[in-house]
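Noted in TrEMBL for the protein shown:
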- 429-456: coiled coil (COILED)
- 361-371: compositional bias 'Polar residues' (COMPBIAS)
- 346-379: region 'Disordered' (REGION)
- 28-48: transmembrane segment (TRANSMEM)
- 60-86: transmembrane segment (TRANSMEM)
- 92-114: transmembrane segment (TRANSMEM)
- 135-158: transmembrane segment (TRANSMEM)
Amino acid sequence: MDFTAYLLFLFFFTLAVMWPSCGNLVLDYIVFFWAVSIAVENIRITYLKYCDHRDRPMTGVLLGIGIEVIFLVLFLFIRIIGLWTFGTRHIAIAKAILSFGLIYYFYRVLYIYFPISSKFGPMMIRLQYMICDDFVTFLRLFVIFMISSGVAITAVLYPHHPLNWDLFSKAILFRGLMALFTSEMSDLKTSDGTCSINRTTGDHQMSACSALSRSYRYDSISTYRQYGISTPFCRQTSWIAWLLLIQYFFLAKRLLISLLTALFSVTGARIQRQSEQIWCYNQYAILVEYQNRLRLPPPFVIFSYIIESMMIICRQCKRCFEKRCTTNQATAPATTRNVRYVTVPMQSPTGTTDDAHSNEKQSNTISSNSETIEDKDSERKNEASIYWKHKAKDYFLQIQAAETAKDPSKGLVIGLSLSANDHLKCNSIANVQKDIEVLRRALLQSKDRLVSLEETMNNSNVLLEKISPIVFRVDQKFTEIPTKFLHIYSRQSPYVYTENARSWVGDKFVPWTFSNEFYRPILITLPKEHQCFSDNERSFVESDWSPEIKSSIPLNPSGRTGVQGRGAHIRWGANKSVIVIVTRWKKDEKEFVVLQGRPILETIIFIDENTKTCKFAEGKILGEESPYKAVCQMFNDLAFKDKNCECILPFRKENMIEFFESFARSNEFESHTFSRGEYRLLFIFSYSIETSLVGYIDDVRNTDNAWLEAEIWNFHYDSHVAFPSLRDDGTVLWTTLADNLNRVSIQTSILRRIARIHDASFD
C-alpha cells in the first residue's frame, strides 16, 4: 500500500512539473502537502531509529531529510508564494526546482523500495559497489584526460579568444565533458574569420604581442582589426587540432570505457555471493523500519497521527486518574479522627506504621503495573523484530542449504528456534553462533594444515624409503638372506598400465597385523580386453569378485600395496608361474671382467613393447597347459628371430631342462669338447618369508587381492656359449646382473641369491 501511494505521489508530481506556465495551484498544494507528510514521517522514523540504535550511522538518512526540507522551502517560497502571491516572473527557476525535486523523489525509489525485492536488492548492492569504487576511479582518470585535451584543443581552435568564463566553459565543459557523449566536430571542419596576423610591417609585427596584450582580457577589438584579425572570437582549423581530438577520443571513448566495463565485470563477479548476504541484512533492517511505521501511508498518515495523539492523551489521563486515586487512599485515615472509634495505627518493629507500608505497597503496585505495561510494549516490539529476523534468516538458510548440497564441507549451519519467551536469550545465542562460526573456520584451517603436513610427511617417507637401500647397502660379503622383507615394486606409483597413483603405504604400515584406519587404497581391476593380456590369456581372466562373497576376498600375504582389486593379474589371489633367468659370465675380449675379486654376471632381459619395462621369460599356469612348456615357448618367441627354431615342446620339468641344455650343445661348438661343469643348471627353490607362503614375488602388478607366486630357474652358461639368431631390434639385451638393475620387475633379493650361488659380484 505504501508503494502504491508513493507511485500516486510521483504521478501528481510529474503532472505538476509538466503543467505549462505557472502550473496549477491546487495541484501544487497537493504535491506540497504530500511531500511534507513524507518528510515528517521520515523524521519520525529516524528519531525512533536513533532512540533504539544510537550506534548506527545516520549520515545518509539525515542528508536525505536535509534535501527534502530545502526542496520544500524553495517549493513554498518560489513556486507557490512567489508566483501566486507576489506575482514574480521566475517561472524557469520554479520549473528547475521542481525538476530537481522530481529527479530526487524518483531516485528515492532505488534505495527505499528496490532493496526489498529479491531481484533488485542484490543488484542495487552491486551497483553501489560499482559506483563507489570503479566509477569513481574512472572519473579520476577521465578528469585528467578531459582537462588536458579540452584545454589543448580549445587553445588551438581559438587562439585569440578573450580570457573569460566562456573560454573555460568551451574548453572543459563542452569540448572536454560533452565529448564523452557526443562526437560534434563541426567547429574543426571550417574556419570562422581570419586569425593570422597579416597587415603589419616588420616593425609593427615585432610589437604585435605588446599591442595585443594591453588588456589582460585580450578583448581590444580595434587592435585585433589593426593587425588583420577580424574578431578575437575567430576560429582557426588545423591538423594539430584534429590530432589532439583523435588522441582524446581514443583515450576517453575507447580505452577508458573498455576499462570501466572490465572493472564492472570484475566487481560484479567478486561480490556476487556477498551481495545476497548483504541484501539479507539490509532487508531485515528495512522490514524492522517498516514495522515502526504507522498503518496508513503519507499523506493519509495524518489520520494515524490523530489516532496516536488521542491514545497518548487517554493514557496520560488514565495515569493522572490512577495517581489521584492513590493520593486519596493515602489521605483516607486522617478523616477517621471524628469517628467514635479511632483506629490507632500499629507501629512496626522498624518504626514505620502499617499505613505507610500499605501506601508504599500500593505505590509499588502501581509502578510495577506501569513497568509491566512498558515491558509488554517492549516485548511486543522485540517479538516483531525477532519475527522479521527469522524471515531474513530463513532466506539465508535456504541459500546455504543449496550450497551445502554442492559442497558438504560448508554444511555447518546452526538454526535458531526462538519463541516468544526466548527473546531475552537472542543476543547470547547470536554471540554463541558467532563464536561457533569462528571455531569452525579455525578447525577448517587446522584441517587444511594437517592435510598439508600429512602430505609432506608421506613425501618425506617415500624419499627416505627410496634412499635407504643406497645408504644402508649390503656389503660384499653376501650376508644371509633376511627372513622378511617389505614391498618395493609392489608399492611403486603409478600402477602399471595405468596413470593412477597408489595410496601411500609406509614401511611401518605394510603388514596386515599393524592397524591403519586411514588406509584407503584405490580399486583397479583391468578388464580382459586390456592390452596387458595376450590373446591366449583372455579366456582365463577372472571376472570381478561377487558382492555376496566380498568378505572372503583373498589378501596379499606380504601386506598392503596401496591398490585393491585384481589389477593386471589374471586371477584373484595367487597367480602361479615359472620364471627363467639366463646368465653368463661377462667377458672383455679374452678375459673375464672382475670387480673386487669377483667375476660379473650378465643376464638376458626382454623389453615389453607396451610398458617399455624389462622382464624375464615367464610361463603362467593357464588351464591344463604346462607352465614349463609356456616358458620355453615364450623364451623362443622373444629371444630369436626365427620363431621356428628347433626346440622341444616340453610338458614336464625335464623337457624344459633339456630345452635349455640344447643351447650349450650348439653345433657351433661341436669341435670343442665341454665337460658337464662348463654349463651349470641351477634350480632356486621358492623364497621363504615369515608367513611360510612359498614362492611370493615382489612384482609391480601385485595388489592387496592378487599377487605373483613363481618358481624361478637359473640357467647359467659359459661365456663361449652363444645363442643363435638372437634378435637385434633392441628387445633382447644382455645386461649386467647388479644391485642397480631396477628396470626388472623382480625383487632384488632373488638376483642377489643368484649372484651369491655363483660367487659373483653384485654391486
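In case you wondered, yes, glycine gets a Cβ from its N, Cα and C as well.
Counting only same-chain residues 6+ beyond the ends of the transmembrane segment (135-158), those with a CB under 8 A from a CB of the stretch are 167, 170-172, 175-177, 179-180, 187-188, 233-238, 240-241, 244-245, 247-248, 251-252, 256, 259-260, 263. Mean per-residue pLDDT, taken over the coiled coil (429-456), amounts to 83.
Sequence-distant contacts of the transmembrane segment (60-86) (same chain, six or more residues past either end, CB-CB distance under 8 Å): 22-23, 25, 28-29, 32, 35-36, 38-39, 42-43, 46, 49, 93-94, 97-98, 100-101, 104, 108.
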